[in-house]
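Chemist: Dropping a structure here in structure tokens format, bear with me for questions.
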Amino acid sequence: MTPIRHLTILGSTGSIGESTLDVVARHPDRFQAVALTADKNVEKMFEQCKRFYPSYAVMLNAQSAEQLEAKLRVAGLGTMVLSGIESLEKVASLPEIDTVMAAIVGAAGIRPTLSAAQAGKHILLANKETLVMAGRIFMDTIRQYHATLLPIDSEHNAIFQSLPQHYNGDLISSGVRRILLTASGGPFHKADLQTLSTVTPEQACAHPNWVMGRKISVDSATMMNKGLEVIEAHWLFNVEPEKIQVVVHPQSVIHSMVEYIDGSVLAQLGNPDMRTPIAHALGYPERIESGVQSMDIFKIAQLNFEAPDFERFPCLRLAYEALSKGGNMPAVLNAANEVAVEVFLAGKIPFTVIPAIIEHVMESIDRQEITDLEDVLAADLRARETARKWLDTQAWQRGQSGAPLFRAEQWNG
């Protein structure tokens with residue numbers, strides 16, 4: 001009989017968190033959700049508590065935690081409600097927990113994910129920023145505390161499945177020539193530059209293949225998402241940037257490929273549904289039911305591949321540059337992007353200004369070595385401040401009076 005895995009799901013109300021709970025619900029004999037966490041979505045967390053009866057529910061926002069606690073009390077549920085970043089770290093490292101789904105979006109996910117690593121947990125990593133901002137620190141922590149790590153991003157999970165089973169982090173000794181990292185290209189991969197300048201947040205969030213949150217949908221539209229995944233792949237698989245080839249594949253059927261020195265190319269295919277990599281990681285090394293519809297290969301009929309256009313999507317170029325420079329630059333890239341996407345989603349800037357903000361911030365901050373988490377967070381903070389100050393001075397965001405439409409201090413992302 002397979003022992004029950006006890007889970008903490010960091011970011012349970014997001015799209016990855018909900019998909020994880022969908023898979024968990026299909027296997028009540030294998031998984032138990034002990035702790036669920038969210039930022040401030042009280043209603044969704046309340047519904048999850050009613051269905052899964054977790055021992056702990058953590059809301060990052062203190063006011064939301066109070067609201068949730070009141071609702072649970074009325075409902076007669078005994079879930080303990082906690083709040084704040086320290087509580088996220090606590091439930092990620094509980095002694096009774098063996099598996100942590102790290103699905104918090106953004107830099108807020110770094111500290112609890114590191115806590116899980118320091119506690120030697122089995123980590124299912126969906127939070128990009130942990131590797132993008134603190135890749136060396138995180139991977140060193142995984143090794144130091146003998147934690148285990150499985151990637152949840154569909155592309156990295158596909159690479160993991162396509163590499164040799166006992167891959168040791170060395171492409172040459174494993175007979176691997178390069179990694180082929182696929183990208184859908186997002187909703188605008190054929191759009192001209194003039195069209196891109198008029199893109200609305202609603203259009204950017206309408207991904208043709210995947211169901212995702214708003215922030216990652218915009219990242220997909222700018223191809224920053226793929227740039228961040230290049231950085232992730234570097235740390236996950238110990239692959240240099242020049243050995244990672246991005247391939248635009250609009251159908252999102254092939255999730256990534258590994259090319260070997262004998263000419264073989266191994267690929268992982270499947271319907272674009274995040275429950276597939278989630279189920280793979282939850283059940284590993286076994287295979288478990290995910291609820292994903294069987295792929296109709298005859299209906300697909302045709303698969304297309306294109307080289308990425310760095311002029312149309314400069315965010316991808318900027319990500320490669322940040323990885324090549326190393327040090328604090330990936331953290332700077334990520335923070336500037338988070339600010340830029342936030343103001344774009346608020347309708348404050350055009351779509352094409354997103355890479356301009358990021359490039360300005362990267363040019364304004366000198367490269368520095370990263371030695372600990374404090375260095376990472378300092379780089380993150382400085383990049384955000386630099387982005388906000390630049391935003392506050394730009395002519396395109398001024399009203400008829402000439403005053404800025406918003407001031408930098410309004411944005412605390």
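Every residue, even glycine, has its Cβ placed from backbone N, Cα and C.
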Chemist: Which candidate from Glu86, Glu89, Glu229 does Swiss-Prot annotate alongside Asp153, Glu155 at the Mn(2+) binding site?
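Modeler: Checking Glu86, Glu89, Glu229 against Swiss-Prot: the Mn(2+) site match is Glu229.
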Chemist: According to Swiss-Prot, Lys128, Ser154, Glu155, Ser184, Ser220, Asn225, Lys226, Glu229 bind 1-deoxy-D-xylulose 5-phosphate; which one of His27, His207, His280 is annotated to that same site?
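Modeler: According to Swiss-Prot, the candidate sharing the 1-deoxy-D-xylulose 5-phosphate site with Lys128, Ser154, Glu155, Ser184, Ser220, Asn225, Lys226, Glu229 is His207.
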Chemist: May I ask you to find which of Gly175, Gly185, Gly186, Gly213 Swiss-Prot records for the NADPH site already listed with Thr13, Gly14, Ser15, Ile16, Lys40, Asn41, Asn127, Glu129?
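Modeler: Looking at Gly175, Gly185, Gly186, Gly213, the one Swiss-Prot places in the NADPH site next to Thr13, Gly14, Ser15, Ile16, Lys40, Asn41, Asn127, Glu129 is Gly213.
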Chemist: Want to know which binding-site residues, from Thr13, Lys40, Asn127, Lys128, Gly213, Glu229, are within 10 Å of Asp153 (Mn(2+) binding site) at Cα; which are they?
Modeler: Asn127, Lys128, Glu229
Chemist: Considering the binding-site residues Thr13, Ser15, Asn127, which residue's Cβ sits among the greatest number of other Cβ atoms within 10 Å?
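Modeler: The most densely surrounded of these binding-site residues is Asn127.
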Chemist: Measuring Cα to Cα, tell me the gap between Glu155 (1-deoxy-D-xylulose 5-phosphate binding site) and Ser15 (NADPH binding site) in whole angstrom.
Modeler: 17
Chemist: State the count of C-beta atoms found within 10 angstroms of the C-beta of Gly213 (NADPH binding site), not counting that atom itself.
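Modeler: Its Cβ shell of radius 10 Å holds 14 other Cβ atoms.
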